[in-house]
Amino acid sequence: MFASRPVVHPLEVAAPAHPVQQPAPGVLMKDLPGMPGTPGGLGLRVLQLLFAAISLAVMSSTADFASVSAFCYLITTTVLQCVWSLTVAIVDIYALLVKRCLRNRRAVTLFSIGDGITWLVSLSGACAAAGITVLIDADLIMCSENPCASFQTAVAMGFMCCFSLLPSFLLNFYSIASSHG
């Protein structure tokens, strides 16, 4: 039987001049895209601020929002979300401008707790307003008397705000969990 056998010729490669400059194999990235102080994190904060501001503007432009407590609650939660996202976006911009890392355990814990609280509050506000919107639109069939399209748009933007906040919370929470292990 005549089978070809590959011949392996070893290459002589010079060792690196400074082996300490190379990262150890298997090291995880410290700054995941979306973490505080990264361009991805700033992008998520801008999205959160944008969705919350649109929800706030659309809901407050209707004349009937003050008569329904769930709509007032949605406005309150979007104001809270706007303040939180703007504050953290300013911190992200500062960190990017001065090239500082925000991987301090206390800072990431603060961001994670703040993101978790604002996510839950924003989600509850969007769900409450969605329930009333469905009640008005589908059950009571009162859209001729109410601006249902505005209510639905504000609720949709409230949910989009929640969905854009979730990656920030999960990345910060993962960072806290991985730093303790």
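Note: Cβ is positioned from N, Cα and C throughout, glycine not excepted.
Topology check against Swiss-Prot: L32 and D137 fall in different compartments relative to the membrane. With DSSP states grouped into helix (H, G, I), strand (E, B) and coil, the topological domain 'Cytoplasmic' (99-115) comes out at 11 helix, 0 strand, 6 coil. Note on the topological domain 'Cytoplasmic' (99-115): residues 30-31, 35-37, 84, 88, 91-92, 165, 168-169, 172-173, 175-176, 179 of its chain, located 6 or more positions outside it, place their CB under 8 angstroms from a CB of the stretch.
Residues in the topological domain 'Extracellular' (137-153) partition by DSSP class (helix H, G, I; strand E, B; coil) as 9 helix, 0 strand, 8 coil. Within the topological domain 'Extracellular' (60-77), the DSSP-based counts of helix, strand and coil residues read 13 helix, 0 strand, 5 coil.
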